[in-house]
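Just passing along the structure, written as structure tokens.
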Amino acid sequence: MLSNSVLQRLASWCPWLLRDEPKLKQPVKVLVTGAAGQIGYAIVPMIARGLMLGPDQPVVLHMLDIPRMADALNGVRMELVDAALPLIRGVVAMTDEAEAFQGVNFAVLIGGWPRKEGMERKDLIAKNVAIYRSQASALQQHAAPNCKVLVVANPANTNALVLKEFAPAVPARNITCLTRLDHNRALGHIAEKLGVHVGDVRNAVVWGNHSSTQFPDASHATARAEHGEKPVRELVADEKWLREEFVVTVQQRGAAVIKARKQSSSLSAASAACDHMRDWILGTPKGTWVSMGVYSDGSYGVPEGIFYSFPVTCEKGEWSIVQGLQVDDFVRSKMELSAKELDEERSMAYDFVST
């Protein structure tokens, strides 16, 4: 029997030796499409380490990609096996949609047609309508009941809408799209401006489309500073910065990353996708909201029938749009601009569906 003093020394030197191992839940199936790509490669170990669903949730990973990526996909599978991650209960690499969606409880849809130089928005939408129409069929026919879906591939909001339209048996509330990356960028930029830890900043809002028309809004954000938690507007004390430089920096951050590293955001996108799903499934902290692209119910005057980024709170696997936030005329004009773009994208998508 070890004495208390020895146990205390062990706890200080090697805390992991004495920690209580969490009681594990029953395994769930998680699908990642585009898993051989950069975001896919970044996110699968995050999921396998419990960063998405928690440290007590074992997973069976279904990884899907197109046939010409089969070898690369199998390489990702081999690396996951070699990593010996304790939460993994199985890893399957697939190129068949029906097989990949079979019985999945959570789906992170990263695969899509990438925007190439010279490609117009309507061309990108046309390519992705075909992809998400096909995946909608696989989702509806083969996924587990109440499967939760996150669309990451751009144009994310409109891809989510196509998925919803062609999988009518799937509740619209179970389909979301990623604007958490923009939300995280907003928090990070505010934290840098104030010289505080990003964990001390909360309740920014990203309204609208995951595009350059999105509106990052710090009007309701707060930060913990030296003398307690205060509104970001009060701490920054620079309305011009909040309405111009801050907004443009967040809107254009993806382009800045591409310019700097010659590739699009991967690590931050994967991390944001994990954050999105974790908060959706496990809940948001009390008093904190996050930004999610969800099917509009008309809140804040946003037209119904589009996927739009709102501030939401989550509890027991369900999201709710935060109500009652004050929106001034400037913010309203930016929200309407993004809604207009999403309405145009919806019209384009419907045109391609009908042809």
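Placement of Cβ uses the backbone N, Cα and C atoms for every residue, glycine included.
For reference, TrEMBL lists these features for the protein:
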type	residues	note
ACT_SITE	His210	active site, proton acceptor
BINDING	Gly34, Ala35, Ala36, Gly37, Gln38, Ile39, Gly40, Asp65, Asn128, Val152, Ala153, Asn154	NAD(+) binding site
BINDING	Arg115, Arg121, Asn154, Arg185	substrate binding site
DOMAIN	28-175	domain 'Lactate/malate dehydrogenase N-terminal'
DOMAIN	179-349	domain 'Lactate/malate dehydrogenase C-terminal'
I'd like to confirm something. Which of the recorded positions, Arg115, Arg121, His210, has a Cα closest to the Cα of Gln38 (NAD(+) binding site)?
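Of the recorded positions Arg115, Arg121, His210, Arg115 has its Cα closest to that of Gln38 (NAD(+) binding site).
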Looking only at Arg115, Arg121, Asn154, Arg185, which the record lists for substrate, tell me the maximum pairwise CA distance in angstrom.
24
In whole Å, how far is the residue listed as 'active site, proton acceptor' from Asn128 (NAD(+) binding site) when you measure between their Cα atoms?
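Roughly 15 Å, rounded to the nearest whole number.
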How many of the residues that make up the domain 'Lactate/malate dehydrogenase N-terminal' (28-175) does DSSP mark as helix, as strand and as coil?
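Summed by class, the stretch gives 68 helix, 28 strand, 52 coil.
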Max Cα-Cα distance in Å among Gly34, Ala35, Ala36, Gly37, Gln38, Ile39, Gly40, Asp65, Asn128, Val152, Ala153, Asn154, the residues listed as binding NAD(+)?
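Comparing all Cα pairs, the maximum is 19 Å.
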Which residues in the same chain, at least 6 apart in sequence, have a Cβ under 8 Å from the Cβ of His210 (active site, proton acceptor)?
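Those within reach of His210 (active site, proton acceptor), by Cβ under 8 Å and sequence separation of 6 or more, are Asn154, Pro155, Ala156, Asn157, Cys177, Leu178, Thr179, Leu181, Asp182, Gly293, Ser309.
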Compare the C-alpha of Ala153 (NAD(+) binding site) with the C-alpha of each of the binding-site residues Arg115, Arg121, Arg185, and give the closest one.
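Checking each of Arg115, Arg121, Arg185 against Ala153 (NAD(+) binding site), the shortest Cα distance is to Arg115.
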Of Gly34, Ala36, Gly40, which is closest to Arg115 (substrate binding site) if I measure between C-alpha atoms? They're all binding-site residues.
Gly34
Out of Gln38, Asn154, which has the highest number of nearby Cβ atoms, where nearby means within 10 Å of its Cβ, if these are the binding-site residues?
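The residue with the most neighbouring Cβ atoms within 10 Å is Asn154.
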Which has the fewest other CB atoms in a 10 Å radius around its CB: Ala36, Ala153, the listed binding-site residues?
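Checked Ala36, Ala153; of these binding-site residues, fewest Cβ neighbours within 10 Å: Ala153.
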When you measure from the Cβ of Gly40 (NAD(+) binding site), which residues in the chain that are at least 6 apart have a Cβ under 8 Å away?
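Long-range Cβ contacts: Val32, Thr33, Gly34, Met63, Asp65, Val76, Ile110, Gly111.
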Pick out which of the binding-site residues Arg115, Arg121, Arg185 has the most other Cβ atoms within 10 Å of its own Cβ.
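It comes out as Arg185.
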If you draw a 10 Å sphere on the Cβ of Gly34 (NAD(+) binding site), how many other Cβ atoms land inside?
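Excluding its own Cβ, Gly34 (NAD(+) binding site) sees 24 Cβ atoms within 10 Å.
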I'd like to know the mean pLDDT over the domain 'Lactate/malate dehydrogenase C-terminal' (179-349).
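Within the domain 'Lactate/malate dehydrogenase C-terminal' (179-349), the model's average pLDDT equals 96.
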Other than its own, how many Cβ atoms are within 10 Å of the Cβ belonging to Asn128 (NAD(+) binding site)?
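Total other Cβ atoms inside 10 Å, all chains included: 25.
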